[in-house]
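Novice: Straight out of TrEMBL:
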TRANSMEM  6-27  transmembrane segment
TRANSMEM  34-54  transmembrane segment
TRANSMEM  60-80  transmembrane segment
TRANSMEM  92-111  transmembrane segment
TRANSMEM  117-139  transmembrane segment
TRANSMEM  151-175  transmembrane segment
TRANSMEM  187-205  transmembrane segment
DOMAIN    260-406  domain 'GGDEF'
Amino acid sequence: MDTRTVIESGLAVSLAVNLAMAVVFWTRHTYPGFGYWLTGTLCRTAALTLLLLPRDQFPPWLTIILPNYAMLLELMLYVRGTHLFRGVPLRFGWEIIVSLSFIGLILYFSYHVPSLSIRFLILSIYWGFLECWLAWLLLTRRPAYFGSGDWLQAAVWIVLIVSNVVRVGLVWTSAETLTAGIATLPLSQNLLFLLIIMSFILIALSQKVMNAQRLEYDYRVAQEQLEQVAYHDALTGLPNRRLLHDRLTLALTSSKRSGLGGALMLLDLDNFKPLNDEHGHAVGDLLLIEVARRLSTTVREVDTVARLGGDEFVVVLNGLSADEAVAGGQARMIAEKIRFALARPYILTVTHDGEADAIVEHRCTASIGGALFDRGADQEAILKRADKAMYQAKDVGRDAVVFVASSSQPADLAVSANFVHLHWHSAYECGHPLIDAHHRGLFEIANRLLTAILSDHSKDEVAMLIDLLVRDVSQHFQDEETIIEAAGFPGASEHAVIHRQLVETAVDLVARFHDGMLGIGELFQFLAQDVVARHILSEDRKFFSYLDERG
């Protein structure tokens with residue numbers, strides 16, 4: 001196959017590529033840069049057409065200089081188009097420097113010192129530089145839509161870089177054979193020319209694939225944005241009512257199928273309206289955004305946080321224990337973590353034109369009502385129970401957590417569930433200074449333990465407070481037994497038995513906790529609820545009257 005036949009084949013391929021690229025450009029959505037690619041292929045077609053002109057009938061500027069520059073211009077347009085397609089800034093001006101230097105060299109070695117081999121070397125060097133630029137740009141600037149088209153084109157440029165090196169070597173070692181004219185190119189150069197022709201097809205294919213990949217990516221992003229608008233709150237980004245309905249349905253179905261427990265909590269901010277009234281809705285929005293952030297970082301990954309509207313939020317807890325009592329403890333522990341997190345002061349920075357204009361500090365707590373999943377209950381029933389519990393939390397003074405009993409729970413379990421954070425009242429006093437001091441101290445240690453757990457203190461600090469609470473409980477029980485026996489309480493021996501049972505259970509649970517066999521939530525539930533709160537508010541009240549009569 002002679003050189004003219006190779007060029008004619010390349011021209012046919014280039015025309016086909018031009019047509020395919022033009023069809024895509026005019027009939028499909030294309031991105032900035034695709035037009036440069038199309039223009040580059042047109043330059044290649046023009047170059048091949050000019051190379052076929054007989055050199056003895058046309059001047060060198062038309063048969064040598066212009067086609068060589070057109071082939072260089074093709075790559076410069078590819079560089080400009082790829083930068084634009086990638087969104088990578090590229091100043092204008094470098095093309096002028098490259099063009100002038102290239103044309104000057106080609107003119108010199110066409111008129112003053114005619115040399116086909118030198119022109120081949122010059123063209124190969126300039127091509128190699130631009131091909132390296134394109135390969136580097138494709139492989140180092142990887143946007144989200146980076147894919148097979150980018151890999152294909154980068155691979156083609158790398159192959160062409162290698163072919164340029166081979167071309168330079170062949171031209172350098174066979175310079176005498178290149179001086180007679182392009183029609184006498186050796187077989188090795190013709191084979192490299194065929195390789196370049198094949199690259200025309202692969203580069204055009206990769207450019208079409210890159211455009212299609214980006215189009216598919218943008219379509220997917222648009223779909224996600226539509227879903228975001230349809231299923232998420234515009235202000236906080238949390239799921240809205242529609243998505244909450246889907247998530248809650250899924251949670252209830254999963255709970256019924258797996259047998260695991262779940263819970264739903266309604267949260268209403270206690271001190272939000274004064275902030276809106278004093279500082280405006282813009283500042284109120286900042287607080288709502290921060291509330292959403294704190295909620296999202298406090299719950300587990302499997303849980304759902306949603307915004308109902310205004311200052312009302314919902315949390316759906318999944319994967320709780322199958323045992324309702326344990327599940328209740330787990331849910332209340334998470335609720336207390338939320339209450340603790342939302343009660344921290346809010347430092348809100350008001351911005352104007354991108355600059356901090358004012359800083360507003362605000363304290364805002366939350367009333368939280370919760371309901372465990374009922375095996376047969378529907379969404380509406382659970383939401384009603386949680387809503388009822390939330391209003392009970394407001395009625396008891398706000399900044400509180402209240403869980404209502406499910407239809408399968410005993411009523412006393414739901415009542416005791418309200419004593420998560422222990423508050424000492426004078427009504428709890430029995431009148432004996434030592435016992436009252438002990439009781440207040442136990443409440444204080446239990447609350448310190450709760451704070452350590454909710455604040456994610458180190459395990460060593462939590463373990464230290466647990467050991468301190470168990471030790472003080474044991475000492476208190478001994479002192480209390482001595483006092484009530486001296487006071488003549490007839491149930492003193494039975495009371496002592498209850499003490500021993502509580503201490504033995506506490507010691508066993510603490511050991512299991514240290515061995516990693518028991519969660520901190522279950523241990524805290526027993527120590528704070530059963531040992532401290534329930535025992536003091538129930539069993540101890542039986543001997544109060546004897547202390548009043550004899551103390």
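Placement of Cβ uses the backbone N, Cα and C atoms for every residue, glycine included.
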Novice: For the transmembrane segment (117-139), give me same-chain residues lying six or more residues beyond its boundaries with a C-beta closer than 8 angstroms to one of its C-beta atoms, as numbers and ranges.
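Specialist: Beyond its ends, the transmembrane segment (117-139) has Cβ neighbours at 64, 68, 71-72, 75-76, 78-79, 82-83, 86, 88, 98, 102, 105-106, 109-110, 150, 153-154, 157-158, 160-161, 164-165, 167-168, 171-172, 174-175, 178-179.
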Novice: Can you name the far-off residues of the same chain, 6+ from the ends of the transmembrane segment (34-54), with a Cβ under 8 Å from a Cβ of it?
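Specialist: That would be 4, 7-8, 10-11, 14-15, 17-18, 21-22, 24-25, 62-63, 66-68, 70-71, 73-78, 80-82, 84-85, 182, 200, 204, 207, 211.
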Novice: Looking only at residues six or more beyond either end of the transmembrane segment (6-27), which have a C-beta under 8 A from one in the stretch?
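Specialist: Sequence-remote neighbours of the transmembrane segment (6-27) are 34-35, 37-38, 41-42, 44-45, 48-49, 51-52, 190, 193-194, 196-197, 200-201, 204, 207-208, 211.
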Novice: How many of the residues that make up the domain 'GGDEF' (260-406) does DSSP mark as helix, as strand and as coil?
Specialist: 61 helix, 50 strand, 36 coil
Novice: Give me the mean pLDDT over the domain 'GGDEF' (260-406), rounded to a whole number.
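Specialist: A mean pLDDT of 87 is what the predicted model shows over the domain 'GGDEF' (260-406).
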